[in-house]
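Peer 1: Dropping a structure here in structure tokens format, bear with me for questions.
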Amino acid sequence: MTTLTDPPKEQFRLSMLLYDTRYRSATIQVIAMIGFMLLAAWLISNTAQNLAALGKPIDFGFFSEPASYDINQRLLDYSSRDTHLRAALIGLLNTLVVAVLGCITATVLGVIIGVLRLSNNWIVARLMTIYVEGFRNVPVLLWIVFIMAILIETLPAPSAFRGDNATASMVLGDSVAVTNRGVYVPEPLFSNSLGNIHLFGESSLRFDISLDLMAVLVVLGAGIWVSNFIRKRADRIQEQTGDRPVTWWQRVAVIVLPTGLLLVLLGFHLGYPELKGFNFSGGTHLRNSLIALWLALSLYTAAFIAEIVRAGIMAISKGQTEAASALGLRSNKIMSLVILPQALRVIIPPLISNYLNLTKNSSLAIAVGYMDITGTLGGITMNQTGRELETILLLMLVYLTISLSISAVMNWYNESVKLKER
Amino acid sequence: MKKSVLLGALTVAGLAAGAAAAGTIDDVKARGKLNCGVTTGLVGFAAPDSNGEWKGFDVALCRAVAAAVLGDGNAVEFVPTTGKTRFTALASGEVDMLARNTTWTFSRDVDLKFEFVGVNYYDGQGFMVPKALGVSSAKELDGATVCIQTGTTTELNLADFFRANNISYEPVPIETNAEAQQQYLAGACDVYTTDASGLAATRATFEAPGDHVLLPEIISKEPLGPLVRHGDNEWADVVRWTLNALISAEEYGITSANIDEMSAGTNNPEINRILGTEGTLGEMLGLDNQWAMRAIKVGGNFGEVFAQNIGESTPIGLARGLNAQWTEGGLLYSPPFR
């Protein structure tokens, strides 16, 4: 009979946490985690204590107080008797407006400039280089202030349009007034309006949805859908018979005719701006603060996007271009059908971060008095209520939410264009 | 056990951080400099002159406090603040006091946790328009574009005034007086509104001040005064009584010219107490007995400071009006030095 002795049973000792490589990394991580949490706890408790010592505990009650200040650019109805929450909402919409306008303009400009920078035309390519380097290397705040100063100092004041010997006149058939207070453009009006749907009653988040706009969008959408259907049918016929039926007039007609008919039924007409009292009234007023901010952000970000587009195009091997031209494609077709679709995969990820930058840079709006969310919630509201910590924390949360939303949408788009591996 | 020691240490650290905010007078003495929050530039009230030296009505108060506490009217670090940044600068301890034409209101005093120590200029909100506009009353401003400094009480008064009179306007928010001036002169706004004293000071810097008029309406009470953080009463006392010393000095005829003579002793015990030849008022404040004498000496009494910076002989040309001594029909009334 053999006796088996158990292998010495290894007992867990505390020192093994440090000397045994099996446990060491976990130990270090736990210690680091505890250290981090203590630091965070200390910061929070210190803040809370100091605020309590100052007699200002964290409190969001100010949101339901009347804001008492006016905001010039408001997409929803707002008066100085509305709450701080409503003022923050108006500011948020203003931020979103300039961010969306800026992203679209910057992308269009950036793609054009990026492509032109690779042009074989020496002067065009050099001009684009100057543009990119000029905008990229000067802080965007200076561009914002500079454009605003140009708008204010060079354009005529509304009073210059007045009287018999007016020194300024409206452009585009007396429909658009360009002044140093902004640009007044005609606004769409409906004489047989369907009215609005009013949501959220009298609360701070109330808003109206224009039924006219909804109706136009629905009809327009339906027209585009039918038009796509006609195109697919034409594709099918072409595949079967080799002849492509002429459908362009059908496709245009299904979009234009119903929409036009609806507009006539709704009594669509344009409201022109006219000089009345101190200012132009009627029409849509694009304030120079919006224009300056929008232009500066777009031009600045377009310089970065141009570089991204150029990098994306140069990442596509020259063989692709040569192969496409060997097939007989013209150079603009090569760009739009062969190069750009492949370059998009390289372009989109850095493009996302430029969209995020543009959105965050829009908080420089206060330099020109554009009432974005930093100007309302993080500016006047903070100043009038003295709730620095609360407003800044909320502001950070808002920008975080906007940025994450943009990232999510762009990542989804990136998924849809990336190389499909089969 | 260890954890509780750590938490205890953290609590002590937190308390120490809280307590540090309360001895401003010791901080100032230890630093050897007074950090004084002023405007970013409003000629007559606070603006750097051609040599880069800060001059003005509010600046003089900072210098008086520095002279009282540190013995040197130049031991001041001027921190330019905008209407928006001023309160955060004071609350965070970046500045020891604000002398920045700030209106004393209930919510700033109570809710924002500041301590207004007095009033150095009784003001009201007015409107300035170009003469060419042909406007004679603020009630004719329906539809006008109004330049307004953001983060001020004037912003709120403006909204209230136009709403109460049922007329509309287009606010153009701007950050500093200089930007407002640029927009107003370029015609980007029809009207500039702020405290009447600020309007007069701004107009004085224009190339053609005569082309602009101040409308007769004064739409609000704007008592402007220096302020400190709430809860540090010793420091508040120092600033309050420095201001009172300047006002009393004018009342009793102590000027920068005769102060040396008077500090030898007079037969008016109140003057003697102010100048420290009698009593121990300075020690009660935690300073020495010559504190008020130094404060008055640095820029003169209230009347002299007013006349030098914003009075009728200066381009700004403000009359004393409400800001005369109570003995001359004004509102300046210092409590007795006793």
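Cβ from N, Cα, C; glycine included.
These came from TrEMBL, pasted as-is:
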{"type": "TRANSMEM", "residues": "A:23-44", "note": "transmembrane segment"}
{"type": "TRANSMEM", "residues": "A:87-116", "note": "transmembrane segment"}
{"type": "DOMAIN", "residues": "A:92-410", "note": "domain 'ABC transmembrane type-1'"}
{"type": "TRANSMEM", "residues": "A:137-155", "note": "transmembrane segment"}
{"type": "TRANSMEM", "residues": "A:209-230", "note": "transmembrane segment"}
{"type": "TRANSMEM", "residues": "A:251-271", "note": "transmembrane segment"}
{"type": "TRANSMEM", "residues": "A:291-313", "note": "transmembrane segment"}
{"type": "TRANSMEM", "residues": "A:334-356", "note": "transmembrane segment"}
{"type": "TRANSMEM", "residues": "A:392-413", "note": "transmembrane segment"}
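Walk me through the surroundings of each of these features.
Peer 2: Listed as Cβ neighbours of the transmembrane segment (A:23-44) (distance under 8 Å, sequence separation of 6 or more from its ends, same chain) are residues 16-17.
Within the chain carrying the transmembrane segment (A:87-116), a Cβ under 8 angstroms from the stretch's Cβ atoms is held by residues 63, 67, 69, 71, 73-76, 78, 124-125, 128, 131-132, 204-205, 290, 293-294, 297-299, 301-310, 312-313, 335, 351, 354-355, 358-359, 362-363, 365, 370-377, 380-381, 394, 398, 402, all 6 or more beyond its ends.
For the transmembrane segment (A:137-155), the list of distant contacts is 178-180, 288-289, 291-293, 295-297, 299-300, 361, 364, 367-368: same-chain residues at least six beyond its ends, Cβ to Cβ under 8 Å.
Note on the transmembrane segment (A:209-230): residues 190, 193-197, 199, 247, 250-252, 254-256, 258-259, 262-263, 266 of its chain, located 6 or more positions outside it, place their CB under 8 angstroms from a CB of the stretch.
Non-local neighbours of the transmembrane segment (A:334-356) in the same chain are 103, 106-107, 115, 301, 304-305, 308-309, 311-313, 315-316, 320-321, 324-325, 403, 406-407, 410-411, 413-414, 417-419; each lies 6+ residues outside the stretch with a CB under 8 Å from one of its CB atoms.
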Peer 1: What residues elsewhere in the chain lie close to the transmembrane segment (A:392-413), defined as a C-beta under 8 angstroms and at least 6 residues from its ends?
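Peer 2: Hits for the transmembrane segment (A:392-413): 88, 92, 95-96, 99, 348, 351-352, 355-356, 359-360, 363, 373-374, 377-378, 382.
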